[in-house]
């Protein structure tokens, strides 16, 4: 301050001398000591709020907080690509997981302009919103699905198959497992199980017709259809071995019905086909009834079991199912193979897939002559309401309709007792038995089938089928 007073009072020459002294650190005290200077230059450290705080270290504040940095600059701070990437996802566009978008216990992982949910077992989807237990997509199992004690999906297979390495698919465990077409020249895959399961409402599919109010009809309300042995008009000619579970039932003179191989000793057919006075011969491996093809196997029936609820005097087509025991076991091969029988729930589910295959040597057109070569037809399932409206006859809840409204295609006389099968991932399951109908292939009329799902427990009990 003394120097400043001198500058104001003295002439210019003295001012020059005073300024020189100032620059040389003379008596003018204008510089602060070290401690005071440090206080002036210091500033409070920034606080980094939010999830980014855990990433801030080293020179990150200078590199990326005070000004926008590049990924490479951030990498220099972390010296670790994984940590840098995790920081970068939040740094660029904020935390996408802040709103907790993942459902059902899913864990959210932030990404640039997006996020990823790591779902708990049994759930999937963008936000883990989809239940992938057995109720949806069948747990991705190709055949059967159930939940274990921890509510985790466990897949399983029908008899003669085992789980493949993926624990979802099924592969043969025996040379000639049920429901499998093994003749090399025949393509077997008409449908894919995954597609079918994906397109189904599985929970609703297990609801049987018996829950329908329209199905509650008294079994004593007896009305008989027009055709006694009704049940392939407009079908295609099968190749040898294409339906190896199909059998032909013959009396002493003529063939009269069809059937399906359950195992080496048992065949299932329609109860109305059985006449106690007629000895039945079962022909397996048959294709052309007018030629010997050396694939045929003939067996005599030694015991017939009609379903205990079947009563032809009350109604000839209610509980229309019977089992035939053979005198000797069939020899299984590519032309003689049993059909698969699932449990009640899955048999009903497979039926609801919508399409099935029927086969037989019945009449190839209404009032025509029987076929000599095995015929087959793909038929759509008809909803129950439409089925009931199509006929004046009683349709019980142990029956279902299949066929075409426009007519021209149907099972027909002589096909009775034959199989209605549904293919699931190349494996065929019995879902119906050809039973009856009004004429054959008439417009607005459908084929009526015995619903096998109602009888699978009985079939397995009587035939010892596991």
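From the backbone N, Cα and C atoms, a Cβ is placed for every residue, glycine too.
As annotated by Swiss-Prot, active site, charge relay system applies to 272 (among others), with the evidence given as similarity to another entry. In the three-state DSSP scheme, residue 272 (active site, charge relay system) falls into the helix class.
Summarising the annotation, Swiss-Prot assigns active site, charge relay system to 320 (among others). If you draw a 10 Å sphere around the CB of residue 320 (active site, charge relay system), it holds 30 other CB atoms from the protein chains shown.
Other Cβ atoms within 10 Å of the Cβ of residue 416 (active site, charge relay system) number 30 in total over all chains. According to DSSP, residue 416 (active site, charge relay system) is assigned to coil rather than to any helix or strand. Here Swiss-Prot flags 416 (among others) as active site, charge relay system.
Taking all protein chains in view, 8 other C-beta atoms sit within 10 angstroms of the C-beta of residue 67 (Ca(2+) 1 binding site). Look at Swiss-Prot and you will find 47, 53, 63, 67 tagged as Ca(2+) 1 binding site, backed by similarity to another entry.
Annotation source Swiss-Prot lists Ca(2+) 6 binding site at 82, 86, citing similarity to another entry.
Per Swiss-Prot, disulfide bond is recorded for 64-69 (among others), and the stated evidence type is similarity to another entry. Classification of residue 64 (disulfide bond) by DSSP places it within a helix.
Listed in sequence order, 108, 109, 110, 115 are the same-chain residues six or more apart from residue 97 (disulfide bond) with CB atoms under 8 A from its CB. DSSP classifies residue 97 (disulfide bond) as coil under the three-state reduction. Residues or ranges marked as disulfide bond in Swiss-Prot: 97-108 (among others).
Annotation source Swiss-Prot lists disulfide bond at 102-117 (among others), citing similarity to another entry. Using a 10 Å Cβ-Cβ cutoff, residue 117 (disulfide bond) registers 21 neighbours.
According to its DSSP assignment, residue 119 (disulfide bond) is coil. The number of other Cβ atoms within 10 Å of the Cβ belonging to residue 119 (disulfide bond), over all protein chains shown, comes to 21. Taken from Swiss-Prot, the feature disulfide bond applies to 119-128 (among others).
What Swiss-Prot lists as disulfide bond is 134-145 (among others), and the listing cites similarity to another entry. DSSP assigns residue 145 (disulfide bond) to a strand.
Taken residue by residue with DSSP, residue 155 (disulfide bond) is part of a strand. Packing around residue 155 (disulfide bond) is summarised by its Cβ count: 21 other Cβ atoms lie within 10 angstroms of its Cβ, all protein chains included. Swiss-Prot lists 141-155 (among others) with the feature disulfide bond, giving similarity to another entry as the kind of evidence.
Positions annotated as disulfide bond by Swiss-Prot: 157-170 (among others). Close to residue 170 (disulfide bond) in the fold, though at least 6 residues off in sequence, lie 142, 143, 157, 158, 161, 162, 163, 164, 425, 427, each with a CB less than 8 Å from its CB.
Swiss-Prot lists 257-273 (among others) with the feature disulfide bond, giving similarity to another entry as the kind of evidence. When Cβ atoms from all protein chains are considered, those within 10 Å of residue 257 (disulfide bond) total 28, not counting its own.
The annotation disulfide bond is assigned in Swiss-Prot to 387-401 (among others). Taking Cβ-Cβ distances under 8 Å and a sequence gap of 6 or more within the same chain, the neighbours of residue 401 (disulfide bond) are 381, 382, 384, 386, 387, 390, 395, 446, 447, 448, 449. According to its DSSP assignment, residue 401 (disulfide bond) is in a strand.
Residues or ranges marked as disulfide bond by Swiss-Prot on the basis of similarity to another entry: 412-440 (among others).
Look at Swiss-Prot and you will find 47-92 tagged as domain 'Gla'.
Counting every protein chain shown, 20 other Cβ atoms lie within 10 Å of the Cβ of residue 64 (disulfide bond).
Cβ neighbours of residue 114 (phosphoserine) (same chain, under 8 Å, six or more residues apart in sequence): 96. The Cα of residue 82 (Ca(2+) 6 binding site) lies closest to that of 73, out of the recorded positions 69, 73, 128, 257, 273.
In the three-state DSSP scheme, residue 387 (disulfide bond) falls into the helix class. Between residue 416 (active site, charge relay system) and residue 117 (disulfide bond), the C-alpha separation comes to 54 Å.
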